[in-house]
């Protein structure tokens, strides 16, 4: 529904995978002892698409619990959103 979401998912994937490899660390939330990558200064208020990845993760976990990693979901979401942009343009 948001025409910018495919680019946001690709950017989110880039931020997760570029430096340390695809580990879904950008999807982690803050805890009492760490500040997550989501809220780190370079990413705070600039990365989008977390809600899309979370909805996909919930649907996948409902269908087959604890089988697909968050990193895999983020990678496929970025790839499929790119394909969909080309299909509908």
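Heads up, the Cβ atoms here are built off N, Cα and C, so glycines get one too.
Remember, TrEMBL labels are computer predictions, not curated facts.
Annotated features, as they stand in TrEMBL:
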type	residues	note
DOMAIN	1-89	domain 'Plant heme peroxidase family profile'
ACT_SITE	15	active site, proton acceptor
BINDING	16, 19, 21, 23, 25, 37	Ca(2+) binding site
DISULFID	17-22	disulfide bond
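The structure, with features from TrEMBL marked on it.
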residue: 15; record: active site, proton acceptor; DSSP class: helix
residue: 21; record: Ca(2+) binding site; DSSP class: coil
residue: 37; record: Ca(2+) binding site; DSSP class: helix
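Report note: the Ca(2+) site is defined by 16, 19, 21, 23, 25, 37, and the residues of the same chain whose CB lies within 8 Å of the CB centroid of those residues, excluding them, are 15, 17, 18, 20, 22, 24, 26. Counting residue by residue with DSSP, the domain 'Plant heme peroxidase family profile' (1-89) contains 52 helix, 0 strand, 37 coil. Within the same chain, residues at least six positions away from residue 17 (disulfide bond) with a Cβ under 8 Å of its Cβ are 75.
The C-beta environment of residue 22 (disulfide bond), restricted to residues of the same chain at least 6 apart in sequence and closer than 8 Å, consists of 13, 16, 71, 74, 75. Rounded to a whole number, the distance between the Cα atoms of the residue listed as 'active site, proton acceptor' and residue 21 (Ca(2+) binding site) is 10 Å. Put plainly, the binding-site residues 16, 23 were compared by Cβ crowding within 10 Å, and the winner is 16. Listed in sequence order, the residues of the same chain lying 6 or more apart from residue 37 (Ca(2+) binding site) and placing their CB within less than 8 Å of its CB are 15, 16, 25, 26, 28, 43.
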